[in-house]
């Protein structure tokens with residue numbers, strides 16, 4: 001290919017969902033509403049956990065971290081999309097795109113690790129209740145979160161640096177509402193085989209392995225619940241992990257579906273639509289799932305609102 005077409009581009013075009021301008025205000029209102037609900041909902045969860053002494057336990061410590069990461073996760077993609085719709089300008093700078101990729105990978109990996117840690121927490125609580133406070137001490141909880149941050153930062157940095165080495169054709173168009181790594185790599189003018197291999201290797205290492213840990217934790221949990229003689233005990237044990245299991249299913253099914261469909265060369269429009277589920281819907285639903293099914297969180301929220309009044 002001609003060297004003039006292999007120069008580093010100054011900007012990308014984010015095509016978004018639809019070209020129909022009449023529908024853009026509807027999309028803008030919808031995503032703005034979901035963004036505000038996500039930020040406010042997760043902030044309430046964090047404040048409720050901090051202000052509620054009964055919620056100062058490992059499970060809620062991890063939940064508060066998950067809520068913080070979800071706020072950062074959705075803030076990585078949606079504000080730029082809303083600005084583009086408002087200004088009718090689809091441009092994102094090269095530096096902005098690489099930065100968005102970095103933070104997207106950082107927070108999606110943190111979500112991944114935190115959900116795995118929370119599954120392990122439920123495994124210890126149900127299968128080893130007498131040793132729970134000894135095993136899940138504050139030192140271990142802090143260490144697990146710290147390691148999650150370190151691994152996620154290094155992985156995101158490594159992937160972003162690899163992106164910097166790729167040459168792109170002039171005026172590359174991304175058929176997505178944000179700089180999704182797979183879509184960006186497909187725009188390169190050079191052979192992206194190495195980048196593709198790295199992405200799918202890290203997908204196996206940093207997604208499938210934690211997912212296997214989640215499956216193993218819940219296999220042991222189900223076995224432990226099945227061995228209980230009390231129906232009330234079974235219901236109580238299951239109710240403590242039902243919310244987490246729902247969030248895990250939503251996050252992993254949609255997230256893995258996007259990458260597997262991309263590998264199978266499905267349409268980019270389908271990939272963009274599916275991405276909405278794990279980048280927008282899942283962070284938005286987490287506060288509702290964890291609060292509506294949790295008496296302690298609901299009580300803390302009620303006390304919080306009564307105190308404000």
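Here the Cβ of each residue, glycine as well, is placed from N, Cα and C on the backbone.
As annotated by TrEMBL, transmembrane segment applies to 26-48, 60-79, 91-114, 135-158, 197-219, 240-260, 272-292. Annotation source TrEMBL lists domain 'G-protein coupled receptors family 1 profile' at 41-290.
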Establish whether the number of Cβ pairs under 8 Å between the transmembrane segment (197-219) and the transmembrane segment (26-48) reaches at least three, counting only pairs separated by 6 or more residues. no
For the domain 'G-protein coupled receptors family 1 profile' (41-290), what's the model's average pLDDT? 84
